[in-house]
């Protein structure tokens, strides 16, 4: 499988204008492969998706350009992240088709997760022999007014601990939202049932400079095989106005 750089170099100029690789280490360490891109919704076309060998599902053909570009960028990240792995015959994995609104059905032997948000997409992929499941999420940091309107829904058990300064409070609401999204993506394949923001409480950790480091999520209800009180730790990072979160279950 060619690298992201070589694939974009070989693609038509209009395709290169759509996607741009962003450097950075995986939130979850070297055993988890990652890919992060910046993409321009205004530069997208269906021909571009075909040029990238990522044809759109029929259900997306009549949808907004933003949904089509989100799908293409997310699946592209998954393909790049998968490129360091190969199957038992030594062949590179291909991103399998899957529902447009859900993660792909990952090939046997791999676990993974995809997220996209307003011009950014990310994917994490790892060996199923090392991890049961992975969840990743990326979100644009909310404006204070937006955070204020939804914080009671997103953070019902965390409201008392939110900072008072509006901009810092908005960052924390975004981080809690993202952490809970990662938790959902990680646990859903294992519990096979829907759950909402009140199913877990999240505690954010920061360094001495106030930078996001990670979080601890604790279930507030039973989600078999996980019981109320079960706890998992995840990683957080904020850069260029976006919050990234990730969880991996060994």
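Glycine is no exception: its Cβ is also placed from the backbone N, Cα and C atoms.
Keep in mind that TrEMBL annotations are predicted by a computer and have not been checked by a curator.
Bear in mind that the values here come from a model prediction, so they are computed numbers and not experimental data.
Sequence annotations record features per position, and here TrEMBL assigns domain '4'-phosphopantetheinyl transferase N-terminal' to 60-126. Residue counts for the domain '4'-phosphopantetheinyl transferase N-terminal' (60-126) under DSSP (helix as H, G, I; strand as E, B; rest coil) come to 19 helix, 17 strand, 31 coil.
In three-state terms derived from DSSP, residue 181 (CoA binding site) belongs to a helical segment. Under the heading CoA binding site, TrEMBL lists 67, 75, 115, 116, 137, 181, 185.
Among the features that TrEMBL reports, domain '4'-phosphopantetheinyl transferase' is placed at 133-212. Helix, strand and coil counts from DSSP across the domain '4'-phosphopantetheinyl transferase' (133-212) read 43 helix, 16 strand, 21 coil.
What TrEMBL records for 137, 138 is Mg(2+) binding site. If you draw a 10 Å sphere around the CB of residue 137 (CoA binding site), it holds 27 other CB atoms from the protein chains shown.
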Inset, instruction - Between residue 138 (Mg(2+) binding site) and residue 181 (CoA binding site), find the distance joining the two CA atoms and give it rounded to the nearest Å. - result: 9
Inset, instruction - Based on Cβ atoms within 10 Å, give me the single least packed residue among the binding-site residues 67, 75, 116, 185. - result: 67
Inset, instruction - Count the Cβ atoms, other than its own, that fall within 10 Å of the Cβ of residue 138 (Mg(2+) binding site), considering every protein chain shown. - result: 23
Legend entry - Taking residues 67, 75, 115, 116, 137, 181, 185, which bind CoA in the record, the widest Cα spacing (Å, whole number): 19
